[in-house]
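**Student:** What follows is a structure written as structure tokens; I'll ask about it next.
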Amino acid sequence: MLPLFLVLSYLGQVIAAGKDVETPLLQITVPEKIDTNIQDAKEAETQVTYVVRIEGKAYTLQLEKQSFLHPLFGTYLRDKLGTLQPYFSLVKTHCFYQGHAAEIPVSTVTLSTCSGLRGLLQLENITYGIEPLESSATFEHILYEIKNNKIDYSPLKENFANSEQESQSYRILVKPEKGSNSTLTKRILRIKIIMDKAMFDHMGSEVGVATQKVVHIFGLINTMFSQLKMTVMLNSLEIWSEQDKIETNGDADEVLQRFLLWKSKEISQKAQDITYLLLYKDHPDYVGATYHGMACNPNFTAGIALHPKTLAVEGFAIVLSQLLGINLGLAYDDVYNCFCPGSTCIMNPSAIRSQGIKVFSSCSVDEFKQLASQPELDCLRNTSETEFVVQPQGGSYCGNHLLEVPEQCDCGPPETCTHKKCCNPKDCTLIDAAQCGTGPCCDKRTCTIAERGRLCRKSKDQCDFPEFCNGETEGCAPDTKAADLEPCNNETAYCFGGVCRDPDRQCTDLFGKYAKGPNYVCAQEVNLQNDKFGNCHGRCNYSAIFCGKAVCYWNFAEVIQTEKYDVQYTYLGGQVCVSAHLRSQTGTRDDTYVHDGTVCGSGQVCFRGDCLRVHVLRGTRECEADDKCQGHGICNNLNNCQCESGFAPPECDMTPSSPGGSMDDGFWLPFDKSTPLIFKRHGLKYKKVLLISFYILLPFLVVLAFMAVKRMIGKRLAKQNISKALEHKEEAFNRGSMNPGVVSGGNTDQNLMTVPGSFNSYAYHGNTDQNFMTVPGSFNSYSYHGNTDQNFMTVPGSFNSYSYQDVPYYRSIPEDGNDSQQ
């Protein structure tokens with residue numbers, strides 16, 4: 001069973017706190033904006049400073065702009081029929097800031113500056129909320145203290161297959177020498193939020209207000225995750241404004257399973273997007289549930305978070321932050337072994353009921369550095385295609401490679417425009433008669449959308465599939481790869497993260513062509529040492545010997561030349577084993593450890609330093625290859641079949657003409673199974689088409705003219721020679737000479753002619769209305785099965801052999817993406 005975390009709140013022990021825990025001690029303050037000396041208007045917009053007086057003391061708030069909303073962020077309403085309707089929200093995406101009070105270095109400020117200041121000021125051990133006084137003409141704001149200390153509950157329940165081992169692993173991870181020298185790099189966690197009807201009603205039943213509150217919560221979350229250089233990007237908000245789509249009552253794990261099942265079946269939910277359902281309950285028994293370390297596993301990218309009646313906005317932001325931390329693989333803090341700069345750190349179970357600054361502890365930071373170097377969090381590195389660009393107020397952003405309303409195209413900034421003949425990079429408009437100006441499926445020379453079937457993204461691995469243009473849009477089809485733990489390499493290995501995890505291949509990539517995977521004795525000797533050259537992210541169990549450091553055979557007399565790793569050589573049983581240690585912990589993936597998904601036993605693979613059963617990690621899937629793909633394909637990461645050559649999607653039906661593929665690769669379009677497959681050639685240039693057509697048509701016209709002349713001559717010759725042929729028939733048989741043989745079965749209306757001097761053999765089976773002619777000097781053999789209305793002619797001196805048996809059309813795709821016909 002995968003590790004499932006339930007964040008429980010035993011609110012039966014809660015001291016009654018009334019309707020709201022925000023006990024306001026109201027103050028009136030007038031924030032003063034300080035002009036900066038920055039001349040650049042754009043740069044000045046990204047940094048602002050305000051002075052706010054709290055209890056008579058002035059605090060200087062130094063703020064920088066936050067960018068955590070997707071450029072195409074939107075709010076959607078789902079009605080009773082399940083239809084998703086866009087709501088055109090007036091939420092402004094350019095006025096969210098975070099920073100600190102200059103007078104208190106250990107402080108955090110998260111504000112929206114549109115129409116006044118709204119947000120939180122977390123000053124050491126006290127938190128203030130600030131909002132504009134709507135009726136004030138002098139920019140007055142109300143300031144109030146926020147308290148959560150009325151809440152008293154134990155927030156954590158764990159469901160691990162081996163809780164003792166997990167605890168031990170955590171203690172090892174928080175040792176200061178582990179990852180202390182590594183540097184974090186920018187990462188993005190993309191998330192979609194769904195709000196149930198009770199939560200919507202609690203927030204006022206007004207879409208604009210609910211949207212603003214959710215955005216405000218994610219402003220707080222991003223302030224906390226900025227310490228890890230992590231942006232939690234809010235992609236969209238969906239509101240169940242009329243009726244819930246699942247039953248939200250019951251135990252935490254039951255609700256989570258129902259939500260995960262609904263998400264997997266809902267076409268609008270992308271499998272790779274992590275999605276959270278926000279629920280409201282007056283007195284729940286828990287405040288959240290999610291899967292541990294599954295942020296990049298599309299089968300488990302879901303969670304639920306409950307907003308109790310007595311929890312403030314700040315506390316709910318901490319609940320979500322803890323759940324997201326669990327998604328990333330973090331554990332709750334051991335307060336006796338972790339250093340916390342403030343009074344309470346984010347992954348401390350008691351953080352939900354405390355006020356003031358919230359940061360990640362030394363344990364969480366070191367643990368995240370370790371996790372970030374592992375392949376299970378590779379999806380967080382994808383920051384290029386949808387990297388957030390702050391949009392100017394009132395419009396889209398021209399030059400960010402994103403096609404937004406009202407842009408006609410977007411080829412990037414002028415100096416690096418990718419489609420200079422098609423798109424004007426200054427105003428993002430199409431040039432002249434251009435049909436497109438953005439994306440890999442827009443031809444840069446003709447400015448037209450490429451035809452269906454053109455290769456636009458090559459395969460990188462046998463577990464990564466090629467994508468093609470679909471002939472309708474200028475963008476390439478979404479990147480598809482094999483679902484995790486699908487078989488590869490002739491079923492000797494498994495796919496994981498779009499790569500076939502073969503131990504021999506990892507050894508070759510790590511040490512060179514003379515390295516290969518180890519046996520048990522070699523791996524045991526090295527990995528049980530529990531040093532920097534041999535460990536399993538901690539001490540190895542005997543069952544996980546193959547899941548620690550990559551220990552390889554070295555079959556070469558020279559030492560390994562590398563500047564990236566320290567290499568250890570172990571002589572054992574007449575053979576040399578090598579393992580490595582990454583010298584510089586830079587936040588990149590540490591490939592000296594065995595990759596997740598690598599085989600470690602029969603039906604077992606490595607996962608986070610342990611050897612687990614494949615069926616346990618796979619769980620229940622929407623796509624099972626043996627059933628859905630009929631044994632002639634594997635499942636991709638979108639739960640569709642990737643079919644073998646000779647079998648056609650979506651269900652891998654036998655189709656000899658099919659090159660294989662899936663319904664997601666861009667080439668295949670939805671079709672009726674009764675409709676024959678017709679493929680078109682792509683990629684031929686206009687001049688080449690004319691030239692090829694000329695060379696094809698010219699011989700055809702010559703042959704056609706020659707046929708007409710020869711047919712006339714043939715008829716005359718036939719009349720002259722037919723009587724002679726009959727006269728000599730008996731004489732020829734008596735001489736034992738070779739004669740034309742005609743075998744015909746069930747044929748009607750046949751016109752056959754042979755000419756003296758030729759050797760002809762014909763076989764017709766069920767053919768009707770046939771017309772054949774041979775001319776002198778030719779050796780001809782024809783065989784037709786089930787064909788009707790055929791007309792053939794051979795020319796003198798030719799050797800001809802035809803056989804037609806309803807052979808299907810065949811299509812192949814070369815590397816350059818152009819089709820070839822055979």
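Backbone N, Cα and C define each Cβ position, glycine as well.
Computed from a predicted structure; not experimentally measured.
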**Student:** Which of these links to CYS379 by a disulfide bond in Swiss-Prot: CYS296, CYS463, CYS469, CYS476?
**Tutor:** CYS296
**Student:** Which one, CYS629, CYS635, is listed by Swiss-Prot as the other cysteine in the disulfide with CYS641?
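**Tutor:** Among CYS629, CYS635, the record in Swiss-Prot lists CYS629 as the disulfide partner of CYS641.
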**Student:** Could you tell me which of CYS338, CYS398, CYS409 is bonded to CYS363 by a disulfide, according to Swiss-Prot?
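**Tutor:** Swiss-Prot says the disulfide from CYS363 goes to CYS338.
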**Student:** Going by Cα-Cα distance, which of the disulfide-bonded residues (CYS296, CYS340, CYS456, CYS635) sits nearest to CYS652 (disulfide bond)?
**Tutor:** CYS635
**Student:** With an 8 Å cut-off on Cβ-Cβ distance and a minimum sequence separation of at least 6, pull the same-chain contacts of CYS345 (disulfide bond), or say none.
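**Tutor:** Correct list: ASP333, CYS338, ALA351, LYS358, VAL359, PHE360, SER361, SER364.
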**Student:** By Cβ count within 10 Å, point out the most packed of the disulfide-bonded residues listed: CYS338, CYS643.
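**Tutor:** Going through CYS338, CYS643 one by one, the largest Cβ count within 10 Å is at CYS643.
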**Student:** Enumerate same-chain residues with a sequence separation of six or more from CYS641 (disulfide bond) and a Cβ-Cβ distance below 8 A; give 'none' if the list is empty.
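**Tutor:** Within the chain, CYS641 (disulfide bond) has Cβ neighbours under 8 Å at CYS623, ALA625, LYS628, CYS629, GLY633, ILE634, CYS635, PRO649, PRO650, GLU651, CYS652, SER662, MET663.
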**Student:** Find the one among the disulfide-bonded residues CYS340, CYS456, CYS476, CYS643 whose C-alpha lies closest to that of CYS379 (disulfide bond).
**Tutor:** CYS476
**Student:** Would you kindly give the Cα-Cα distance separating CYS643 (disulfide bond) and CYS476 (disulfide bond), rounded to the nearest Å?
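**Tutor:** On Cα coordinates alone, these residues lie 20 Å apart.
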**Student:** Mind checking how the domain 'EGF-like' (619-653) divides into helix, strand and coil residues in DSSP?
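**Tutor:** Grouping H, G, I as helix and E, B as strand yields 4 helix, 10 strand, 21 coil.
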**Student:** In whole Å, note down how far the CA of CYS296 (disulfide bond) lies from the CA of CYS363 (disulfide bond).
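**Tutor:** Between the Cα atoms of CYS363 (disulfide bond) and CYS296 (disulfide bond), the distance comes to 22 Å.
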